[in-house]
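Engineer: Here you go, one structure.
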Amino acid sequence: MQTRTYIFILLLLLSGCNHQIHQQQFYVFGTLVGISIWGVSEQKASEAINTIAKDFQTMHHNWHAWQESPLTDLNQAIAAGQVWTAPSLLPLLKKSKHFYNQSDGLFNPAIGQLINVWGFHSDDLSSDFIPPSPEKITELVALAPSMDDIHIEGDQISSTNRGVQLDFGAFAKGYAVDLAIEKLRQLGVQNAIINAGGNLKAIGKKGDKPWLIGIRHPNGTEVLAAVAVSGEESVISSGNYERFREYEGVRYSHIIDPSNGKPAQGLSSVTVIARSGALADAASTALTVAGLQDWHRIARQMGVKYVMLVDEKGIVYVNPAMAKRVQFPADKKPQIIVSQPL
Ligand code: ADP
Ligand code: MG
């Protein structure tokens, strides 16, 4: 073989190395965040990942619902009936008001007091826990905290209801992956996946193939289904398999039904695919509350096009467009019920 051919092959190999997939994981938002980047040099990928890791730390600090943060400061001001400014929270507040109304109030980040009494303002969910009394739940539901109580004028935030306590846990990670993907694009990355504990957003492709995403089975660590994504899409799951409380053998989900103040029952996991991570995350929480009765109506109202639900018996419900996209392992195909089109 001629020397020139050798050099050519070597260059190909080197460029292959430089443009392989780069993956890194770090811990933030109380969960493991994984980033995969394809098609840029190792140095560029690692700089981009460091930038995203720092951004995530900042968001985690700004939006923290129970440790001293701009959000807990705002909550204190609301409880004291004061007007407050918190620029880092304005986009979350505006989006929350929108999703609150679209979901008929099933997505309601104003119910922080209920989330707290159910023991979810804690990093350690295996610690001692006693469910709140029915009286306490009735009292907090009667306060009727709503995102409509929040008023924004310029950068001034106020609430007409002191019972409002904000907690953005239901869509903070979905919104964070939107912001992170936007940042990756600015940094020249065109092909990537960011997965913040089941809240995933992808752009571009993995070489000449679409990204293949595994959706977790709510019963454990197995994969329930796979879905191919390319372009810009978020695949976001809510479920009671990771964050829950247990008391006397009963499991309490971390998703609370704002209408009765109790943990949502009936669905083990809900997966939504949408371009916007914030929408997919807010919708996956709202649809968990909506349950088998109402998910279809709420999904339509929120403008969501792809939904998959798993009930407590492991039966899978999908809309026809989602049915066309998800692939189940041939040896572990669940019972699947296809709904009317959305
Ligand atoms: P995950 O954090 O596992 O992705 P979700 O996106 O469903 O799950 O968010 C659940 C979190 O949202 C809860 O831990 C709580 O902080 C908050 N939350 C619970 N119920 C509601 C609700 N009905 N509306 C808005 N936020 C909620
Ligand atoms: Mg959610």
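Positions of Cβ are set from backbone N, Cα and C atoms, glycine also.
Whatever TrEMBL says is automated annotation, not expert-curated.
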Engineer: For the Mg(2+) site that TrEMBL assigns to Asp281, Thr285, which of Ala144, Ala170, Ala172, Ala176 is also named?
Structural biologist: Ala170
Engineer: Ten-angstrom check, please: count other Cβ atoms within 10 Å of the Cβ of Thr285 (Mg(2+) binding site), all chains counted.
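Structural biologist: Summing over all protein chains shown, Thr285 (Mg(2+) binding site) has 27 other Cβ atoms within 10 Å.
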Engineer: Specify all same-chain residues, apart from the site residues Ala170, Asp281, Thr285, whose Cβ lies within 8 angstroms of the center of the Cβ atoms of the Mg(2+) site, ordered by sequence.
Structural biologist: Phe107, Gly169, Phe171, Gly174, Ile236, Ser238, Ala282, Ala283, Ser284, Ala286
Engineer: Give me the count of other Cβ atoms within 10 A of the Cβ belonging to Asp281 (Mg(2+) binding site).
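Structural biologist: The answer is 32 other Cβ atoms.
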